[in-house]
Amino acid sequence: MRFTELEESSPTNSSNPAIAGPSSKSHSTSNGRTVANGNGFVSPFTNGNGVVGSSGAGTSGSNGVVMERHEKSALSRVNLPGHLLYEDSNVDREEFVRLLLQSLRDVGYIESAATLEAESGFSMEEPQVRRFREYILSGMWSKAEDSLSRLGIVNEDNSWDAKFLINKQKYLELLEARKTAAALHVLRTELALSSPEPAQLHVLASLLMCTEPEDVRQRAGWDGVSGQSRQQLLLDLHRFIPPSVMIPQRRFLTLLQQARQDQLRRCIYHNTPLGATPFSLLSDHECNKDGFPGVTTTVLSVHTDEVWNVEWSHDGAYLASGSADRTAIIWNMGSDRRKWEVHLILRDHPFPVHSIAWSSDDSMLLTGAEHFIKLWDAKTGSCIRTMDEHTETVTALSWLPDGSGFISGALDRKIIQWDAEGRKKLSWGLTDIRVTDLAVTPDLSRVVTIGMHVPTSSESSSLRGIRNSGSSGDATTNPSGNSSSMNGITPTKNRFIIYRLSTRQVESSIKLDGDLTSVKVSQDSQYALINHSPDEIQLWDLRLGRLARKFTGQRQGRHIIRSCFGGIDGSFVASGSEDGNVYVWHRDTGSLLEVLSGHGEGSVNSVAWNPANERMFASCSDDKSIRIWEAPTPEMVLDMSGHTDYSVSYSAKGKGKTRQMDGEVENSGMASPSTRL
């Protein structure tokens, strides 16, 4: 925003050119100048007072532009060619200077801002914008409302919305001050005219019944005049006023924070908490691999058959595993992370354990074995309840994030909702798919399901005709990892179905080719990660309802493989693979970061990232073992100085060590399983 030609040539400006000096109270300097308290120079575009100096000669700036001075301490405008900050940039110089002016004033460099304003010829904003801010912060509501018409709001609806926010603040302040009659007048004559929704008026009208100011603040979700409510009102009003007229608060800082976040997203190995991440404006952010969990520190070898699933407790202190040996084991990490112990072995499963899920407070554990569901006390190991409502294999168990209960899904096409004690609340009826997995979003808004589509009658007739003609059709995968047909009917397609949890209605149903074996949802409830056979993991944006990215490289054809999000802000995607390796990608770029070996023969069936430690995850395999992966500590680096891929791990009870050198595991007195330590 430039000074106008009238302002440039006015007698006032020619006789008293803009002069900058230090912010201070009025005082005399050694050369006899008097500096007035304020923002530093005389101009209709500033908030302060001027400085009068003596005359002097012209000078040349560092950029080679001659700046003629009519008075010794006066600053003349620097006239630069063009309107861009640099010739090869697309940044507008005026916008850049206005942001600098705002930032300098925000941090207290008032006189520096005055100097820049004088040299550039740009001002941060028009006087009416400054006055509007003052009206809002001072509670001069009539003047604030009158000023709206001069702030560039061209949309009439926006103007009414802005007036409503101003009148709402006025109304709440009157209620807080116990001026009920005046508040009622505002409600009837001002808010009623500017509010298009009767429901909003009803909520505000109900506040008239409040007898105490604290009651008003609590019920309105408002912190009062003495809080930040007026500053928040200014922020809310920014939505309706063009940013070219009123710059959003701390805009330069916002841009710097956005640049930082973008650098962190582009840093493929970034895995450090935000507060612990050094940030400098002088260099781009870049991480090495030191924070990435690529080293096996512990091998847990107590299961006697393939391990199919692993899940961490929410506090990250315990790990649960389910196995083909018909047991689930709860492992305790120990305080120093190196002394793992078997906390409980949960027996009494009639079939292999393929599904596990922790309650939100980690006090209970669910296990699924064929069509049975068992609810266990995770501290004592006692079985609280056994449920057999499903008629086919239970493929998915998911606790509701609020701890009120859990949801189960099965190949019998049923989704059942249970309370926290394992009592059936309701059945969602028969779904369109034989459910192979499901997940509840952390915000409790959706249930994401995947499964094998059940053909309609016409599709079934067509399939029978194909089968009678000699085609065998495609086989599907059951929870044990073996191929089988679906009751004699081969599904024609698989589906990814999203339900609204509150209504249990289908929000979207997407057909996908190939088997779908697992689904995980990100902590921000935005993304769903789906293992898709053959050899693909898909990232779906739940808000936009579209495929965001694919991750490839791992092997998945016949077995159920489970993947997960991990690291800071879920920035990694990790998955097992039928080739015995663990694969890790960068979520936002799709780059394959690591292929981690170490497991023996067979598939790595599941990977789970520790929710309380971004530098630790677990993997389980057909080789009957569970591996704990961590970022190398300085002590590990020192121990590894003479070896490649070296780690030390402890079995149950900490008796016996497994030393891994160059990918070969050497056992030494592994402890036998125990029920409780």
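Glycine is no exception: its Cβ is also placed from the backbone N, Cα and C atoms.
Quick look at what TrEMBL lists:
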REGION    1-41  region 'Disordered'
COMPBIAS  9-37  compositional bias 'Polar residues'
DOMAIN    128-182  domain 'CTLH'
REPEAT    300-341  repeat 'WD'
REPEAT    346-386  repeat 'WD'
REPEAT    387-419  repeat 'WD'
REGION    456-489  region 'Disordered'
REPEAT    569-595  repeat 'WD'
REPEAT    601-639  repeat 'WD'
REGION    650-677  region 'Disordered'
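On the 0 to 100 pLDDT scale, the repeat 'WD' (346-386) averages 97 in the predicted structure.
Across the domain 'CTLH' (128-182), DSSP classifies residues as 45 helix, 0 strand, 10 coil. Tertiary neighbourhood of the repeat 'WD' (601-639): same-chain residues 271, 273, 290-301, 303-312, 314-317, 319, 321, 323, 331, 337, 340, 481, 559-568, 572, 574-578, 580-582, 646-649, selected by CB-CB distance under 8 Å and a gap of 6+ residues from either end.
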